[in-house]
């Protein structure tokens, strides 16, 4: 809409009942599945009694963020099924669920970034022995992540919205303003792509460097090669999951910013794409428990054993060379 004079203000019912059900029911099912998966991940972490570990706190908080995303996504899906036209023309009923959805997505992104940084620091710990990640550091990071997510995500509830003005109104996420969507998505989506990519590439480089050092000492490097392959595979899964999940959302915001058409002109293709982006974000919430509670847990144990093994072998190599 964006206040264009050629856009009709006659908000008649435009969604077909069959299309609403075809889009809404899968969204509900995926959100329910995500709730189950993340509840299982939280219960598993609690049962393992390893919340004293810094990384376990971040994993558990990621599951809470994904759970929050699934609940708010379920709320939006129910509103879409009961009042589908409100998701096009905007209403006061959409403001709170969209704000909570934004908050939960931001929290998930910040947790993914924090986990990537923690993994890098954990692997580089033997090099930078002066700095060791403690439980208090993880708790502080969790608090900062939630404060930042709520501060940015709830800005529309505090007045930065276009509920009562047609100017700068988003056609995809009304009653949000386009400038708010650009302000929130651009830096955070870029961070979700760049930071994990950088940290996991650095981990692979560190493992490769240590493997070469051990090879120079005449030690076996098969275990390090196995760890390097495991890190590479997990890193690809993590990065591709973030790319597939958040790239469509970012593309939708960019389209929203450059769009000059009225909502009725964009129906139904663009709004079907919008609903699909929501499903992709929920798929990210489904994938995170699998990757971060299964693959990374196994990888963490392997890296831990490698650090001990590397320290002993390099120490022996140094003594032998004296």
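A Cβ is built for glycine as well, from the same backbone N, Cα and C atoms used for every other residue.
As recorded in TrEMBL:
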DOMAIN    37-292  domain 'G-protein coupled receptors family 1 profile'
TRANSMEM  20-43  transmembrane segment
TRANSMEM  55-78  transmembrane segment
TRANSMEM  98-117  transmembrane segment
TRANSMEM  138-160  transmembrane segment
TRANSMEM  180-205  transmembrane segment
TRANSMEM  236-258  transmembrane segment
TRANSMEM  270-294  transmembrane segment
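By the Cβ criterion (under 8 Å, sequence separation of 6 or more), the transmembrane segment (270-294) is in contact with the transmembrane segment (98-117), since 3+ such pairs are found. Here the transmembrane segment (98-117) has Cβ contacts under 8 Å with residues 55, 58-59, 61-62, 65-66, 68-69, 71-73, 75-76, 141-142, 145-146, 148-150, 152-157, 173, 176, 184, 188-189, 191-192, 195-196, 198-200, 238, 242, 246, 281, 284-285, 288, 292, 296 of the same chain, all six or more residues outside its ends. Beyond its flanks by at least six residues, the transmembrane segment (236-258) meets 109, 112, 116, 170-173, 178, 181-182, 185-186, 189, 192-193, 196-197, 200, 270, 273-274, 276-277, 280-281, 283-284, 287-288, 291, 295 of its own chain at Cβ-Cβ distances under 8 Å.
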